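J.: First, the structure itself, so that you have it in front of you.
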Amino acid sequence: MGNGERGRPNKKMKYGGKDDQKMKNIQNAEDYYDDADEDSRDGEGEEKKRDFTKLELKPDHGNRPLWACADGRIFLETFSPLYKQAYDFLIAIAEPVCRPESMHEYNLTPHSLYAAVSVGLETETIISVLNKLSKTKLPKEMIEFIHASTANYGKVKLVLKKNRYFIESPFPEVLKRLLSDDVINRARFSSEPYYGGDGFSVGRTCGELEAGPGELLNEAEFAAAAEEKETHSFEIDPAQVENVKQRCLPNALNYPMLEEYDFRNDNVNPDLDMELKPHAQPRPYQEKSLSKMFGNGRARSGIIVLPCGAGKSLVGVSAAARIKKSCLCLATNAVSVDQWAFQFKLWSTIRDDQICRFTSDSKERFRGNAGVVVTTYNMVAFGGKRSEESEKIIEEMRNREWGLLLMDEVHVVPAHMFRKVISITKSHCKLGLTATLVREDERITDLNFLIGPKLYEANWLDLVKGGFIANVQCAEVWCPMTKEFFAEYLKKENSKKKQALYVMNPNKFRACEFLIRFHEQQRGDKIIVFADNLFALTEYAMKLRKPMIYGATSHIERTKILEAFKTSKDVNTVFLSKVGDNSIDIPEANVIIQISSHAGSRRQEAQRLGRILRAKGKLEDRMAGGKEEYNAFFYSLVSTDTQEMYYSTKRQQFLIDQGYSFKVITSLPPPDAGSSLSYHSQEEQLSLLGKVMNAGDDLVGLEQLEEDTDGMALQKARRSMGSMSVMSGSKGMVYMEYNSGRHKSGQQFKKPKDPTKRHNLFKKRYV
């Protein structure tokens, strides 16, 4: 779904349902080798190249913009006059793999086709338009794959009625097939009020007209049909909704659930008096993303992917204003909560008493029957003991039927802790917003059943050319290690301090200081310096006398520093730890200097770039090739000949796939900088080295925030060696006694287990 799972296309197309005979008819990639070409694969049968000589070009192929290959890959020429229409179509049916300036690569997957049908595209429409745009005749295998992936979509719906979940279908035989699965059968409640002959509750619902081929490219909404259809349904346990949706995906039972909210005909939940203000004018790509979400008078659950700074907030507020029901908005931190509350008031007519914030510092409630609650994932997912006031608010959240669940930075939802919010809160429609649909722990595909399919994804370079986001110059600055630092870096006993050594490299410090001076004094820019390593963050900020924000910084102090950075001419540089990666809106910043990072995280690299992507200046100056070719700068400082070089290359992959290129700079600071910069003399460098080596291992590590397996996926398990000296406080640690709570005062310790009752595998340990 995101770059985390799509990365590069599979060599063979993968299919979903096991019992669909169409799946078995699709040929293997064997047909696309030249039998005479012995070099087409290596000794293990791995494919090296393919023979596409069997593809027949159409006579007017020069006027058609794309190539369709039998393995599911599609290549689009961006210089074609039909590029815009072809892009809008491809982004609806396929996953983007790589989108450089001249040629895009896409990949058809079961999930991408599931998303296509969910926004109203019929199977025959997809095949017909692909054939019209393709330079060659569509391969038979691709046609069969499209049929197989879309055959069952729309046959099953997940419906929320009066805080109860029902699986609904006009086909009772489909429900029987679902109930033959153990997971779904266990999740069923058997308390339906009215049963048909098959044991399902029977009701009636309005049908709807399907889209024709002529309605595809002009985005026409589908008209609702008047006839009624008989539907069959059964109720499922709300706690099992996630598991049931997962079992219905294309890679399992292949009956993807349709989640639509007929909000205009919802007379049960109270309406929210909320409209967009006249000055809220969504841009063309924002309108397009909303048109994918709303169709046929209904709201679809799913994900919208827009670059940082491209106006995701306006999309979210517009969706809430269109549904006009109670909305629960989830953000990643308290600063982001304040910003979202501000965005709702900025773009909509919502009154102050209709919107409230729920954080550790602010526990508000809206007045009336409907309103907007803005809170964090942590506040909702927290499983520990709460204050009485917080418990009441959470209970209200659980008992309310939310019209819209709006999730910012939705890529964090697959984390074990955050995905709880999906089961805790009940909502008719879920909208996820993100700039980076990518994770390193391969959980990004979980969003298909946690939230829904990807509805729309914008192309970064198109928005740059349109002047909607900043035109960024990306550069990788190579900083040679000093010989003293490199000697310590190579020692085996310093394995835990390797990162601190290459981050505190004096040449890197000097390059950072030079860039700050250049952009502050000669260009008057606003600069953000990112460092994941807290030891380095503190040393850099203290030495250069700049404000810093990290995990332990209070909310009040964060707000004060950010406000000074935005408004004061005296505060032009701020140091941020990883807390600044997500959901902090700093539109004034136009320079980023990254001195340390979280291993090879592609998502973090893109999120940090996004801090400076908001458009700057007048529109005519923002257009690519306007007054300034580049109006924002992203520097990644890397110590050469260290592990950081490998991580840097891996981190850049997502941005390269979006069409960005990295310039390599090897001569910073310039030779004439001399003693004007810090750590010029060897004595200063040795003093810094001593400070790094004398710091405890716990002080030179990465900042630890809320647990997310995406970050853990980049780390290896480590074994630490201790000594009795740490107990005396020689490394900043002290010995403390405490009661864990398991044995209260006056209670006796539990007797050890009888050795004869131990399992055979463990008996020998107690001999």
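Just so it is clear, glycine is given a Cβ too, placed from its N, Cα and C backbone atoms.
These numbers come from a predicted model, not from an experiment.
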J.: Name the residue range among 2-18, 750-766 that Swiss-Prot annotates as motif 'Nuclear localization signal'.
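T.: Here Swiss-Prot associates motif 'Nuclear localization signal' with the stretch 750-766.
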J.: Give the range, chosen from 120-123, 408-411, 544-547, that Swiss-Prot lists as motif 'DEVH box'.
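T.: Going through 120-123, 408-411, 544-547 one by one, Swiss-Prot gives motif 'DEVH box' for 408-411.
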J.: Compute the mean position of the Cβ atoms of Leu306, Pro307, Cys308, Gly309, Ala310, Gly311, Lys312, Ser313, which form the recorded ATP site, and then list in sequence order the other residues of that chain whose Cβ is within 8 Å of it.
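T.: Here the nearby residues are Ala435, Ile469, Gly610, Leu613, Arg614.
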J.: Select one residue from Pro307, Gly309, Gly311: among these binding-site residues, choose the one with the most other Cβ atoms within 10 Å of its Cβ.
T.: Pro307
J.: Taking the motif 'Nuclear localization signal' (750-766) alone, what is its mean pLDDT?
T.: 59
J.: Do any residues at least six apart in sequence from Lys312 (ATP binding site), in the same chain, have a Cβ closer than 8 Å to its Cβ, and if so which, in order?
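T.: Spatial neighbours, sequence-distant, of Lys312 (ATP binding site): Ile304, Leu306, Asp408, Leu433, Thr434, Ala435.
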J.: Residue counts in helix (H, G, I), strand (E, B) and coil for the motif 'DEVH box' (408-411), per DSSP?
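T.: The breakdown for the motif 'DEVH box' (408-411) reads 2 helix, 1 strand, 1 coil.
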J.: Take the Cβ of Ala310 (ATP binding site) and count every other Cβ within 10 Å, whichever protein chain it belongs to.
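T.: Around the Cβ of Ala310 (ATP binding site), 24 other Cβ atoms lie within 10 Å.
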